[in-house]
Amino acid sequence: MSEPIRVLVTGAAGQIAYSLLFSIAKGDVFGKDQPVVLLLLDITPMLPVLDGVVMELQDCALPLLREVVSTDKEDVAFKDLDAAILVGSMPRREGMERKDLLKANVAIFKSQGAALEKYAKKTVKVLVVGNPANTNCLIAAKSAPSIPKENFSCLTRLDHNRARSQVAMRCGVPATHVRNVIIWGNHSSTQYPDVHHCLVNMSGSELACFEAVKDDGWLKGDFIATVQQRGAAVIKARKLSSAMSAAKAICDHMRDIWSGTPEGEFISMGVYSSGNSYGVPEDLIYSFPVQIKDKTWRIVGGLAINDFSQSKMDATAAELMEERDTAVSFLGA
């Protein structure tokens, strides 16, 4: 057995964490022979609820779960971390201006970035889930200058999985028969789900997505809108935001960072845009197609981008630049 790794989940009393923690603790994410110490952080009023979560984790009697620590203190939660999954954020309340939401989250992620800088290992892998995830991730990274920027990513795997599943259902195949969908840009309704490089395995032979679906109007219209608006549709139906599917996407994202992506496949995640070959402005956390090996991601290069795709990639970049500039203006405040 390897030495235990230290994994932090913030917002640990919330509903995403409730769906997530069991999968991490039983080895679905970091490996079936990798023991873990779970550090659970939430705000002080949530500590009684968190105690219940800790009891349940203990009651699962899991062989890989070496210790569970629940706390409301950053110096305890961020100590010597190998992985940090930052789920907790300020949710948008009714009547709240977008800039007020950004301001509240800048305060949270500036503080958590500083805690990573001060207490975590410099090799820590940080995944930001709390929305607005791209910009929160950027603020955390800027607040932890001695941790490599490549160690920070934000979650667009849920959007990626949604896109993959929509294509699979349309073609009547399992989701595993669909590969290389791409989510470009922001984890918001401006994101661009792109299937121009997607392949679908139909009866043993791989077809380009447009050829497999045979409905260009759907792929360029309702498909994109469905993926962009899926989070809102879940809230409307459940009166709660996506939790089970978000937790599954977090597991997929972190497992791929730890174990790598399969040969010939790429996945989507929000990463630093600097040095990309697609003309996306520098200094953004932007979702790209990536491949991962030895815990290191690289943006997949050389994909042909048509005018339809370019305009959508530019629109989501514009939104991210505006978010970044507003957030950075609050950083010094």
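Even glycines carry a Cβ here, placed using N, Cα and C.
What TrEMBL annotates here:
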- 6-152: domain 'Lactate/malate dehydrogenase N-terminal' (DOMAIN)
- Asp42, Asn105, Val129, Gly130, Asn131: NAD(+) binding site (BINDING)
- Arg92, Arg98, Asn131, Arg162: substrate binding site (BINDING)
- 156-330: domain 'Lactate/malate dehydrogenase C-terminal' (DOMAIN)
- His187: active site, proton acceptor (ACT_SITE)
Practice task
With DSSP as the reference, give the number of residues of the domain 'Lactate/malate dehydrogenase N-terminal' (6-152) in helix, strand and coil.
Solution key: 66 helix, 27 strand, 54 coil
Handout entry: Shortest C-alpha distance to Val129 (NAD(+) binding site) - which of the recorded positions Arg92, Arg98, His187
Key = His187
Completion exercise
binding-site residues near His187 (active site, proton acceptor): from Asp42, Arg92, Arg98, Asn105, Asn131, Arg162, Cα within 10 Å gives Asn131
Handout entry: For the recorded positions Arg98, His187, the one whose C-beta sees the most other C-beta atoms within 10 angstroms
Key = His187
Practice task
Within 10 Å of each Cβ, count the other Cβ atoms, then let me know which of the binding-site residues Arg92, Arg162 comes out lowest.
Solution key: Arg92
Exercise for the section: Please name which of the binding-site residues listed here, Asp42, Asn105, Gly130, is nearest in space to Arg98 (substrate binding site), Cα against Cα. Expected result: Asn105
Problem - Surrounding CB atoms that lie within 10 Å of the CB of Val129 (NAD(+) binding site), all protein chains - result: 28
